[in-house]
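This report concerns only the one structure given below.
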Amino acid sequence: MKFLMVFDFDHTVVDENSDLWVVRCLPSGRLPSSIEGSYRGGLWLEYMCRVMKYIGDQGVGPDDVRGVMESIPFTDGMPDLLTFILENKSAVDCIVISDSNSLFINWVLQAAGLHAAVDKVFTNPAEFDGAGRMVVRPHHAHDCSKCPPNICKRTVLERYLAERAEDGARYERVFYVGDGGNDLCPAFCLRAQDAVMPRRNFTLLKLLARLEAQPGAGPVKADVLPWSSGADILQELRASMVPKK
């Protein structure tokens, strides 16, 4: 049996929004109102490009940014869950699909010694330019009207599953673990034997409840299994891995 764990990153693997946490690397610990007030609905990546340019322009270097990001707290129980996945790689594949960026995610996982638990990270690619400023680019272009223009998590997941199927992988169950509004779209491509796991008291669970209450709404086929900590997710994964009699 083979299983696939799919994780969002912010407020899922880690207990904060990494794009907001990074502001702590500024001497003042906050952005000026001219930057903070520049966000326009649906264009978060463009906003983060302005944030990272401002941070770089203040003389905050890559090592300073990395040090702050490595201090972001994991969600309760997530290190144990990722350690279990790492110790059971023959049975469990694991990917991250996130609207954060590649540097933030890789730094956090590497600092915790958990990078090897994750087979692939799908996110916005980031690098530092010659002036020492982080530049973040869109993950991909897509035509989904429900998702931000730089990433559709359903498209990413569907492509990954198709590629793995071509390689001969057959997943007994796919677990999609997330918290936010952009985690709803990928839930629609899950099968009846799969599970979408929304974090309790966050947006995704509210959206799923609202969807279920709407007459004629397109159903999510997968089981909906809310979670509060990594221990809840680990319990579900362990139970699924027990051979059926």
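These residue numbers are counts, starting from 1, taken along the chain as shown.
Placement of Cβ uses the backbone N, Cα and C atoms for every residue, glycine included.
Listed features, source TrEMBL:
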- Asp8: active site, nucleophile (ACT_SITE)
- Asp8, Asp10, Asp179: Mg(2+) binding site (BINDING)
- Asp10: active site, proton donor (ACT_SITE)
- Asp19, Asp99: substrate binding site (BINDING)
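Note on proximity: among Asp8, Asp19, Asp99, the recorded positions of the record, the Cα nearest Asp179 (Mg(2+) binding site) is that of Asp8.
Asp99 (substrate binding site) has a Cβ environment of 24 other Cβ atoms inside 10 Å. On a Cα basis, Asp10 (Mg(2+) binding site) lies 8 Å away from Asp99 (substrate binding site).
Listed in sequence order, Asp10, Trp44, Met48, Val51, Ser100, Phe104 are the same-chain residues at least 6 apart in sequence whose CB falls under 8 Å from the CB of Asp19 (substrate binding site). Asp8 (active site, nucleophile): 24 other CB atoms within 10 A of its CB, across all protein chains. Take the mean position of the Cβ atoms of Asp8, Asp10, Asp179, the recorded Mg(2+) site; other residues of that chain with a Cβ within 8 Å of it are Phe9, His11, Thr12, Val13, Ser98, Gly178, Gly180, Asp183, Arg199, Phe202.
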